[in-house]
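According to TrEMBL, the protein has these features:
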{"type": "DOMAIN", "residues": "5-236", "note": "domain 'Radical SAM core'"}
{"type": "BINDING", "residues": "Cys19, Cys23, Cys26", "note": "[4Fe-4S] cluster binding site"}
Amino acid sequence: MSSVITYSPAYTLVPTYECFNRCTYCNFRSEPGTSPGLTLTQAQQILKSLQDRGVIEILILSGEVHPQSPQRPAWFERIYQLCELALSMGFLPHTNAGPLLYEEMAQLKQVNVSMGLMLEQMTPKLLETVHRHAPSKVPQLRLQQLEWAGELQIPFTTGLLLGIGENETDWRETLEAIATVHQRWGHIQEVILQPHSPGQQQVWQGEAFNMTLLPQVVAIARSLLPNEITLQIPPNLVTHPDILIECLIAGARDLGGISPHDEVNPDYPHPDAQTLAPILEANGWQLKKRLPVYPQYIPGLPAQLKTLVEDWQLATKSSSVIQ
Ligand code: SF4
């Protein structure tokens, strides 16, 4: 059994918090037309401040503009430019901007070392509850995104949001859908198991996911997903060390992007690697940095990304375990 647990030293850039969906558990969105977007000058300043601070991944995480909106091309262009800027400054971009048009995804492949979209849950019953006003959360639409990413051979991160009104059968159905699409294309690098953790901004009064069930979900995921897919749990949401360790014993091997601020769960600050490492070490696990693209996918990256990734590979190999 491998005793290594990985994490990605990351920083999140948000092109816009504005989102045309209204998921009732959301703690991220603002109403369209109410908040200024991130300018390239601002992004450049932020990225400059991150150089030499150990950050490797730039997660570009965005609220969504309706695919038919006249604002969509400008929204997409800004995301693309942010990826280019991050690359030009030596970082590795990973974009998660909701469902994309096929052409948009194909273009972003050229400037992202991996991309992501949470499948969340396949059950359509959530369209009557927490996703009633969230057209982007139609399960088949999201599954199609996973298919397209496979067709385009984009290393991909997806995951389940837990505790939003689904049951164990629904977890299994969602995990099986991910396994099936991966068996077709071989591109899913990791699956996040993200427990719903209520925040101050959300409308929905639902309970937090019962964290004592998380090790069981990890075990189910491990039994249903191919071994090459890494299971990820977010350490800022799994705050009890005993449960964190139980999740590792059940098969979780990654703690995701660790950055100063969790934009999706702003009420839950990330512990840093220096805090996590001793907790893991006391239980026989070793914390290691990883890149936002898993090693088996590096040979298939577009040439202009591969060189930068290989440089990072060398740099992380020769550096200490955590930073
Ligand atoms: S969860 Fe995502 S898609 Fe839903 S409202 Fe929030 S930002 Fe938009």
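Cβ coordinates come from backbone N, Cα and C, glycine included.
Sorted by the number of other CB atoms within 10 A, the binding-site residues Cys19, Cys23, Cys26 start with Cys26, the lowest. The residues near the [4Fe-4S] cluster site, meaning same-chain residues not in Cys19, Cys23, Cys26 whose C-beta sits within 8 angstroms of the mean position of the site's C-beta atoms, are Asn21, Arg22, Tyr25, Phe28, Arg29, Gly63, Ala134, in sequence order.
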